[in-house]
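**Q** For reference, TrEMBL lists these features for the protein:
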- 215-376: domain 'PROP1-like PPR' (DOMAIN)
- 209-243: repeat 'PPR' (REPEAT)
- 244-278: repeat 'PPR' (REPEAT)
- 279-313: repeat 'PPR' (REPEAT)
- 314-348: repeat 'PPR' (REPEAT)
- 416-450: repeat 'PPR' (REPEAT)
- 451-485: repeat 'PPR' (REPEAT)
- 486-520: repeat 'PPR' (REPEAT)
- 521-555: repeat 'PPR' (REPEAT)
- 556-590: repeat 'PPR' (REPEAT)
- 591-625: repeat 'PPR' (REPEAT)
Amino acid sequence: MKHHHRRVVSATSSAVYLLSRHYATKYTAKVTSTSPTGRTLSVEVTPPSPLPFDNRGYPLPRRHLICKASNIILHNQSLPSAALSLDDRFQDLSDYLSTLSLSLTPDEASEILKSLKCPRLALKFFKFCPSLSPNFRHTPFTYNRLLLIFSKSTLPSRFDLVRSLTDEMLKSDVRGNISTVHLLIGIFGDSEDLERCLELVKRWDLRMNCYTYKCLIQAFLRSRDSQKALNAYMEMRKKGYKLDIFAYNMLLDALAKDEKVEQAYKVFEDMKRKHCEPDEYTYTIMIRMTGKTGKPGESLALFEEMISKGYSPNAIAYNTMIQVLANARMVDKAMFLFSKMVEKDCRPNEFTYSVILNVLVAQGKLHKLDEVVEISKKYMNKSIYGYLVRTLSKLGHASEAHRLFCNMWKLHDNGDRDAYMSMLESLCDAGKTVEAMDLLSKIQEKEITADIMMYNVVFSALGKLKQVSHIHDLYQKMKQDGPSPDIFTYNILISSFGRAGNVDEAIKIFEELENSGCNPDIISYNSLINCLGKNGNLDEAHMRFREMQEKGLTPDVITYSTLIECFGKTEKLEMACRLFDEMLSEGCFPNLVTYNILLDCLERSGRTAEAVDLYSKLKQQGLTPDSITYTVLERLQSGSHKKVRIRRQNPITGWVVSPLR
């Protein structure tokens, strides 16, 4: 016999649906009597069977009930889940359970929680459970289940929620078990909460086991408190417990990083006595620690002990030992170990080569690099060659880098773009521009396209050396074969021709820039103005200055400083002073170089009062005078207007002033 009822459910769309569902429970009944008309009858209903119990007397969870309740919470069977709010789902669950004669047990609630992955949903169900029955009371198992869900959560408020849950346990007088403590230790990472976990152990009269200590030690290590972790280990040791290899390695690594050498040695020896054999990671930690303390002999002894026990060192172990020997400047032993590493088919990586290269350079034994390459020739590919070339270039050994680069060129059909770029930069830094241009012309042979960055590197080097003919030839080749010049190319060329005094060529390049797809920027105008001013074309320089303003480009401190210097050096001091005032009115703040330029010009013209006033402004702006400033001040005090001063030439403007900042 089935009973039916109808109820109204509110959907999220505010529409009202009239829906039908069955009661959850079927009742079996026997008719005992009927009325003469047959319109009424009386029946005898058989009550539902009581909860099943195991052989220890504990009630067994009803699996069908757990599955049904979980489905109602996660998604309603008769409605789309979007049509029911969370409160409606819990009401449905309450209606479902009300048709049963027995209430939900804590064990069943724990199993339902297990199916709820969402922390907020699980917490809502947890708080809803007591409303299902006046006799329902959460147990440590339901609390543990919820704590486990929070331990896997990433909610920002999870720590506060766990603290609140713990407070609720204490208020409800629910005595947690050791698993509760384990979960809390795993969730928390700061010392304050960990101390509270230990207080709960005492309050609940629990006994810490080996796993408890392991959790506690790892938690202290996560909070970077190696001393408390060590204290927990010592207490654990007194009780006869021991860690596993993973926990031992974590503790040793933390002690080694905190330079607690003696404590690390004690733990290491204790580890071996407790029949927890060190592995290759343990030995690597100890080797690194002894190496940092300047004891390469002990590191070697540990390395040999590791091998004697049958362990095969991995790349990390070899690299650590090689680094220890390199730091101790033991080149021959480092090379021998490197050969053993290759012999044992342990592939060297970039770190290995970096350590070897650095010690060879430091000890002046870079000639052994060929030996390194020969030893590891089965692993040498264009990537390793490229790394060695780049590293040698950065270390300032252009010749060795070039020689190694030539070997790479011979051995590999395709090239490494980064290695070629590093080689170009290295050659240019060393002033070997002919070799750089030759490399740039042959780079396509290795299926690498010469890009604009490569050309700009070479143009910049040629410009610094004033090799105008090479610049012109390379520029013509680039225009013919590609790539197209960019704004950096044009700026480098304008500056380079200006530095060499080739004003016409600089103007020609600037005009090409204006006719190209690129627009001149402040650097373009600064380079051209510097070129014109330096070579005596002041009117043209000033005209370009006004032109850039008309085009919407705001002159910067370099623009003003360059023009002030140009006018000041050509006895047009009034114009220089007007530019300085204009600079201030436009909100462009002079730097120390600007002040030095104008101070020098004023002092040379005998306008000492104005120079002193300018120096006061310099101090008011918070600038710190340098050696150039003090030289001008000394001349002001002595009244000497000597023309000869020893100053280095400025690479930007070409005038002998301190660098523009």
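Including glycine, each Cβ sits where the backbone N, Cα and C put it.
Automatic, uncurated: that is what TrEMBL annotation is.
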**Q** Can you name the far-off residues of the same chain, 6+ from the ends of the repeat 'PPR' (486-520), with a Cβ under 8 Å from a Cβ of it?
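**A** Same-chain contacts beyond the ends: 452, 455-456, 459-460, 462-464, 466, 468, 471-472, 475, 478, 527-528, 530-532, 534-535, 537, 548, 551, 553, 654.
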**Q** Mean pLDDT, the repeat 'PPR' (591-625)?
**A** 90
**Q** Going along the chain, which residues at least six beyond the ends of the repeat 'PPR' (451-485) come within the CB cut-off of under 8 Å?
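**A** That would be 420-421, 424-425, 428-429, 431, 433, 436-437, 440-441, 443, 492-493, 495-497, 499-500, 502, 505, 516, 518, 651.
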**Q** List, by number or range, the same-chain residues at least 6 past the repeat 'PPR' (521-555) whose CB is under 8 A from its CB atoms?
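**A** Beyond its ends, the repeat 'PPR' (521-555) has Cβ neighbours at 487, 490-491, 494-495, 497-499, 501, 503, 506-507, 510, 513, 562-563, 565-567, 570, 572, 583, 586, 588, 652-655.
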**Q** Using DSSP, what's the helix, strand and coil tally for the repeat 'PPR' (451-485)?
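**A** Secondary-structure composition of the repeat 'PPR' (451-485): 27 helix, 0 strand, 8 coil.
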**Q** Mind checking how the repeat 'PPR' (279-313) divides into helix, strand and coil residues in DSSP?
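**A** Summed over the repeat 'PPR' (279-313), the classes give 26 helix, 0 strand, 9 coil.
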**Q** From the DSSP assignment alone, can you count helix, strand and coil residues within the repeat 'PPR' (314-348)?
**A** 26 helix, 0 strand, 9 coil
